[in-house]
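Structure in structure tokens, see below.
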Amino acid sequence: MPELPEVECLSRAIKSVLEGKRIQDVKFYRKDLRGEIPIQKFRSLLVGQAVTKVHRRSKYMLWDTAQGIGIIHLGMTGNVIYRQTPTPELAHTHAVFTVGDKAGDPSGYLHYVDPRRFGWISCCTHDEFPDHDFFKKLGPEPLSQIDLVDYLWVKSRKKTVAIKNFLMNAHVVVGVGNIYANEALFRAGVRPSRPAGKVSRKEMDRIVPSIRETLREAIKAGGTSFRDFKNADGEPGYFAIKLQVYGRGGQECRSCGNLIKTSRLGNRATYFCTHCQK
Ligand SMILES: [Zn+2]
């Protein structure tokens, strides 16, 4: 499943070919993905419009025009690729967006591909955005929220849920997937199973930079080019960072040499070092 770093990398790549350009046309090859595609509304808000901004909220890519916002989500297996032809080249191509200047020839085509169809293509007006079902309950962005330590500290008080599950809850903070939660807690020296409410302020001071470092390394490794980000195991981000604990159960801790332990928290694979993480 594409995680925050992959969606950020893809957004940057698409920004380079779409921002300041116009969506001249769109051809949909089906009416629905995970949900119905609002085809008429998408046309009225996006087609013929200049894209003023390409950005990301959680794992949604957003294309802003004066009329509204295009919403692209990759689901489990989705991708957007840039091509010089409008003809679908890959199986499971569900939409092709024609990109061009105001009056000129098309400069390229964005192909939305999603074999398992858990993704979304949607849209909303600027007024609808704050209360949109996709966005209204989301926590802050881990990379850009300025007072994230304070926020997480206050939010975690009296919470008995494991700190790892707390951080992976998108209603608390978005974009901290399983690999990143494991790696960030190792870097911060905090045991994943610790109740969130028992994490000290000092530890939260380490957890937040650890999350940011881990995500930034993955984004940096992913670069700004269009790429197929899924590895053979279907786990995202795997290629992108040197893993300290994730997937290393029974192997020696790179820091202390003790064996990395495994468990399951919230039914997700959890890896930690009992010596390095308290
Ligand atoms: Zn260790």
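Just so you know, glycine gets a Cβ as well, placed from its N, Cα and C.
Positions annotated as active site, schiff-base intermediate with DNA by TrEMBL: Pro2. Annotation comment: TrEMBL describes Glu3, Lys59, Arg268 as active site, proton donor. Marked as DNA binding site by TrEMBL: His92, Arg116, Lys159. What TrEMBL records for 2-119 is domain 'Formamidopyrimidine-DNA glycosylase catalytic'. Under the heading domain 'FPG-type', TrEMBL lists 244-278.
Can you tell me where each of these features sits in this structure?
Just so you know, the Cβ of Pro2 (active site, schiff-base intermediate with DNA) picks up 24 other Cβ atoms within 10 Å once every protein chain is counted.
Secondary structure at Glu3 (active site, proton donor), taken from DSSP and collapsed to helix, strand or coil, is coil.
On its own chain, Lys59 (active site, proton donor) has Pro2, Glu3, Leu4, Val7, His73, Leu74, Val174, Gly175 as residues at least 6 apart in sequence with a Cβ closer than 8 Å to its own Cβ. According to DSSP, Lys59 (active site, proton donor) is assigned to coil rather than to any helix or strand.
A sphere of 10 angstroms centred on the C-beta of Arg268 (active site, proton donor) encloses 16 other C-beta atoms.
A 10 Å cutoff on Cβ-Cβ distances gives His92 (DNA binding site) a total of 16 other Cβ atoms nearby, all chains included.
Per DSSP, the domain 'FPG-type' (244-278) is made up of 0 helix, 12 strand, 23 coil.
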Sorry to bug you, but what's the C-alpha spacing from Arg116 (DNA binding site) to Arg268 (active site, proton donor), rounded to the closest Å?
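Between the Cα atoms of Arg268 (active site, proton donor) and Arg116 (DNA binding site), the distance comes to 22 Å.
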For Lys159 (DNA binding site), what is the secondary structure state per DSSP, taken as helix, strand or coil?
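Its secondary structure by DSSP: coil.
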Within 10 Å of the Cβ of Arg116 (DNA binding site), how many other Cβ atoms are there?
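Result for Arg116 (DNA binding site): 13 neighbouring Cβ atoms inside 10 Å.
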Where does His92 (DNA binding site) sit in the DSSP three-state scheme?
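Looking at the DSSP assignment, His92 (DNA binding site) belongs to neither helix nor strand, so coil.
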Give me the non-local Cβ neighbours of Lys159 (DNA binding site): same chain, 6+ apart in sequence, Cβ-Cβ under 8 Å, ordered along the sequence.
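Looking at Cβ-Cβ distances below 8 Å from Lys159 (DNA binding site), excluding near sequence neighbours, one finds Phe166, Pro195, Ala196, Gly197.
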